[in-house]
């Protein structure tokens, strides 16, 4: 009987023990990880090995290599990726499938697959999060009485994998630990936010409303690449911290400007009151010209000199009284703008630095990871090389 005479029908029956299928996965690449769609795309070499007595031979000890034409002639496990959104086999320049047959009837079936797999991500600590994504392999139609999956001996040292049954269907699960490259976010988001907050303190050189609008633009652009979620992300918290500090600097600038205008108006009001009182003083008549009044000129000059001394003394007393009145009013008002700026220059940077310490300590504490993003780690470098996405 030739190999081409073998058909694909069910090779198991009630009288046969379940077929042991050894599974091995080599990750070629992780092409894309999307937080917005909660998915990742990866290319893997999936290798399955099992024993089929019908294909054993003894006329040679050589292992036979069969091309993809024989795939449709042999029985194959109906393995599929449970949490895949889409998947396809590669076929350039030919179908990327390989079958090797050993004399004792052991079959090795290898195929190259690219799949987009769903991954439930918890973005609460984004971008300081560590995620965990699963790759679940299961038999589509055969129950655990027909097929038993297990990792091949070359991958028994993988950490983090589980083997369990969903109902009566066998399943193998491979867990990927994903860690984000935080340096990118520090350069793209955190540092610009910090610089904008610092710029908002320099109110003499730049208008604070400019930094408020720029901070809003940063927040919108950073959130556009993320999914709408009910959870508050760490990056959102930091943006709002920076936004509050920028807005507080704007309020401080307006408050100091208001106080400066208030003090100028008070001084102008005092001067206006003083001039009004001088004009309405009945004891101060209009000055007369010496030529319009008879009498000796020396007598007139002496009277004018005495009058001027009296008026000067009275004006000095009024100025002192008005200054005391103005000072008593100002004592109940906020301090002047220069003093407010002096306090703000010390309080704002210190408070911002303190809030930053609390923020980074709170969000960088290691926690349990859920499904996710960005730098991939598995203990076996041959199985899955460490990478930063």
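Each residue, glycine too, has its Cβ placed from N, Cα and C.
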Of 161-183, 184-206, 207-229, 276-298, the range TrEMBL labels transmembrane segment: 184-206
Annotated region 'Disordered' segment (source TrEMBL; candidates 273-319, 320-366): 273-319
Of the residue ranges 237-255, 370-388, the one that TrEMBL records as transmembrane segment: 237-255
